[in-house]
Every structure is written in C-alpha cells, then in structure tokens.
Amino acid sequence: MAGDQLQVLNALDVAKTQLYHFTAIVIAGMGFFTDAYDLFCISLVTKLLGRIYYFDPTSADPGTLPPNVAAAVNGVAFCGTLSGQLFFGWLGDKMGRKKVYGMTLMLMVICSLASGLSFGHTAKGTIATLCFFRFWLGFGIGGDYPLSATIMSEYANKKTRGAFIAAVFAMQGFGILAGGIVSLIVSAAFKNAYKAPAYQDDRAGSTVSQADFVWRIILMVGAAPALLTYYWRMKMPETARYTALVAKNAKQAATDMSKVLNVDIEAEQEKVEQIASNQKNSFGLFSREFLKRHGLHLLGTTTTWFFLDIAFYSQNLFQKDIFSAINWIPKAKTMNAIQEVYKISRAQTLIALCGTVPGYWFTVFLIDKIGRFKIQLMGFAMMTVFMLALAIPYHHWTTPGNHFGFVAMYALTFFFANFGPNSTTFIVPAEIFPARLRSTCHGISAAAGKAGAIVGAFGFLYAAQSKDPTKRDKGYPAGIGIRNSLFLLAGCNLFGLLFTFLVPESKGKSLEEMSQENEEGDEDVGVGTSNNRTTPM
C-alpha cells in the first residue's frame, strides 16, 4: 500500500500551471535547442568541407568527403553523445541535477567554439581536430538528455507533466530550424560578398578562400544559446525530489519549493528518513528488486528508443532524392561552394518548418489528453505504414510526375515520428523510475537510442547503396538499395510498436506512484501489478 506523499512533493503535483513552469521549460529547453543545433548543423556544411579539403582539379565533380571521413565527421558527435548520456545520467543521480547540468552546459559552450577553431593546414589535421572537439561536444550534449528530462519531470505537476517535458523536447525542432536559418544568413552574406563561378566553369575558382570561414561561423554560433542560459540554469534550485528523496534533506527541499511555489511548506525530515529507511526503497540498479519492479520497463524504454532512432536517423537515405526530385538542390557542379551551402540550408529549413516542428507541438498539446502509450503506438504504426507505402511502389514514386506523393509520404513519416515515439521515448523514462535512479535509467534509454541513431545514420547509409555502380555514391561499396532498406526500416518500426507494450502509461500519475517510492509493507510488487503497469485503455 502506498504511504503518505511528502507535503513538498504533493504541492508540486497539484500546483497550478504558473510562471516557474514556463521558466523551467525555457531554461531546460534552451539546452535542447543548443543540442539540436550542434548535432544537426554539421550536415549543412559537410559538402563544403569536401569542396575545401578534398578538391581534385582533375575531377568533373566537386570534392566530397570520402566515406570513412564523412562517417567520422557526422558520427563522432553521436558516439560522444552516447557516452555522455551514460556518464552524466549516472552522475546526475550521484551529485544532483543542478550541479551536473552546469558541467554539461560549459562543456557544450567550450567545444562549440573549439569545433569552429579546428586547426591544421592539411585536410587530415583539420578533420582530426574537428572530430576530436565534436566528440566532446557530443559528450556534453549527451548529459543534457537525462538531466533536462529529469529536471522538468521533477518540477512539473502531474496533470500537465507530459506536455511540459514534451515542450522541452520540442525545442529540438526549433534548434534544427535555427541551424538552417543561421546557415542561410551566413551563406547568403558570403555569397553576396564574394562572387564565384560555378564549379563547371572554374573548378579552382568556385571555392573562394573565405568559404573556410562559413562552416566555422555556423558551428561556433552553437555556443551562444548555451552561454546565454548558463546564469539562469545556475539560479534554478535543485529539484525537491532529488533534495528530499536522494539527498534526504527535507528542510532544504521545503525551503526551495516554498520560494518557487510561494506557499508555506512543512519540512518533514522524519517522514523523509522513514521513506529512506524502507528496504523497498533502497535497491540498486543491478539488484533483483529493480529487475522485478522495473526490468521490463527499462527493456521497453531502451528497445523502443533504439528502433525509433534507427528509422528516424536513416531518413537522410531518401532526403537527397527528395531535394533533387523537386529541384530544391541543383547538381553540385552547377553551383559554387557557398551557393551549395545556401541551397542545402534552404531545403533543410523548409523540411524543419513543414514536417519536423509541427509534429513536436501536436505531442505537446495532446499527450496529457491521449496518453503516452497511445501516441507512441500510433506513431510507430503510422511510420510503418508510410515506410511500406514508400517501399512497395518505390519505382512509381521516383518516376517523373509522381514526386509530389513521394514528398508527402516523406513529410508524413517525419510528422508521425515527432507526433509519436520521437517525443514519447524521451518523456516516459523520466517518469517511471525511482528518483535515485531516474537520471541513470533515462541516460541508459537515451544511449540505446543513440546506438540506434548510429546504426540508422551509417549502417543504412552503406546498406542503401545501389548494386548498380553508376547509381552509387562515390567511394561506397554495393548495398541492398533504398527500396530494400525501406522494408528493413518498416520492420524496425514494427518492432518498436511491439516493444511499446512493455512501457507503462504514466498519464495523470505522480512520479512516486509510478516508481512506488512511498510504498509501505513487505509485499512484492512485480511488473505486472496494477500500480506499476497501467494497462492502456
């Protein structure tokens, strides 16, 4: 049977939506805004890096990054992110959310600036230092995942908690959008200031020396939003749930939340110690008790995030087909280097504006009405349908006159990823685990997702290559082709749908109700009980 809720936690659960909620969303959300900007802006400048550092005057086409170099430049931040999610997730439960939050933020600021200052006079030197700094940038970004989600979940009331965490995650869409807009502004300014011929007209002259500043400025701008929010992050008090349930300081928790909520809250030190002394509330991550209570939950959150990110990050497989099909991006040799950055940025910005951002906000407005389970199940189901709708008549979509349908299917797949598992896989792990393990479990779930991202972005990049050498990207071996890759991705979505049944519905429940931290008595609580696993209706 559940024990009495601590007054300070009950006050948070029933608090009306007020200014501090929106302050927390903005402060936590700006971290996610920066994460998305830093992770996705590299894709806007990889073509430019190829032109500058891998120029071949004998080639009829502009220089491109070799496959191994492209994989390193694009993927090293993902590797850093995976490591950071595990490390900072664990550290957030040991040292507190607030302290570790500041560490991740400063690491992001320093490494964003350092990425743009990558040094070396040769391609190898510049790319090596860029990859080094982007790994540590990713390491800082990784910490932001579990900490942003955990802080927002522990500050929110139970009625609108899903919307608040989703709003933090939705800042990712604005970060992607901002990356496109900054790239547009920078490339447009340089394009107008330094006129250059197309590559086919003047191979060497198509890339002006000032183009080297373009990619550096775009990467360095990522430090600005993180730096601007550092002060406000440090002013936020530690979450009451960490202070009371993990640090066991009832007086500090009551004092902090009294200021935040503008109400008098009693410090219940005796009750905090009673909860802490309960053996049922002291099990570790690798204990049998954790396995009984939350083992299937952790399996559900890790697998669904893994399969979702395989599909989500592999979308670039057919992005280039869309861009060329509707003439958003002309052939590379018909443009100069900076013009190509401008065209790619414009296309990415339109995709973010029309497909990426709206899906996130559908989740924000509907998650506390529909519930996490239904949105995730619907998202995976619709992604499976649209992937199959692209794959089965793939030849039909790629023939002249049918490109509109191809673009529509692509946009809908993106929409239902964001109004679906891309949002819910971030939200649920921050709600269903005990306070002392919440950040750690979210970090493990997020790291599983990033492992899926690495498989999706790079495994499928090779797999999607055509068996026909004339249709294959330069330097890549033969693969199974885009059509067969789409069938595999549809299968990944289907697996995600099935594993969703392991994840409990947390709509309208307090965090302690989901994790059973106030439970009294010695009765076993398995994963199948009604308190721990709410059957979706």
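Cβ from N, Cα, C; glycine included.
These features come from TrEMBL:
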- 514-525: compositional bias 'Acidic residues' (COMPBIAS)
- 24-508: domain 'Major facilitator superfamily (MFS) profile' (DOMAIN)
- 510-537: region 'Disordered' (REGION)
- 20-49: transmembrane segment (TRANSMEM)
- 69-88: transmembrane segment (TRANSMEM)
- 100-119: transmembrane segment (TRANSMEM)
- 163-190: transmembrane segment (TRANSMEM)
- 213-232: transmembrane segment (TRANSMEM)
- 349-367: transmembrane segment (TRANSMEM)
- 379-397: transmembrane segment (TRANSMEM)
- 403-420: transmembrane segment (TRANSMEM)
- 441-464: transmembrane segment (TRANSMEM)
- 484-504: transmembrane segment (TRANSMEM)
Go through the chain and flag residues at least 6 beyond the ends of the transmembrane segment (100-119) whose CB is under 8 A from any CB in it; none is fine as an answer.
31, 34-35, 38, 84, 88, 91-92, 125-127, 129-130, 133-134, 136-137, 139-144, 147, 151, 215-223, 226-227, 229-230, 233-234
Quick test of the contact rule: Cβ under 8 Å, at least six residues beyond the ends. What residues does that give for the transmembrane segment (69-88)?
38-39, 42-43, 46, 49-50, 54, 100, 103-104, 127, 130-131, 134-147, 439, 443-444, 446-447, 450-451, 453-454, 457-458, 461
Contact check, the transmembrane segment (379-397) vs the transmembrane segment (484-504), 3+ Cβ pairs under 8 Å, seq sep 6+:
yes
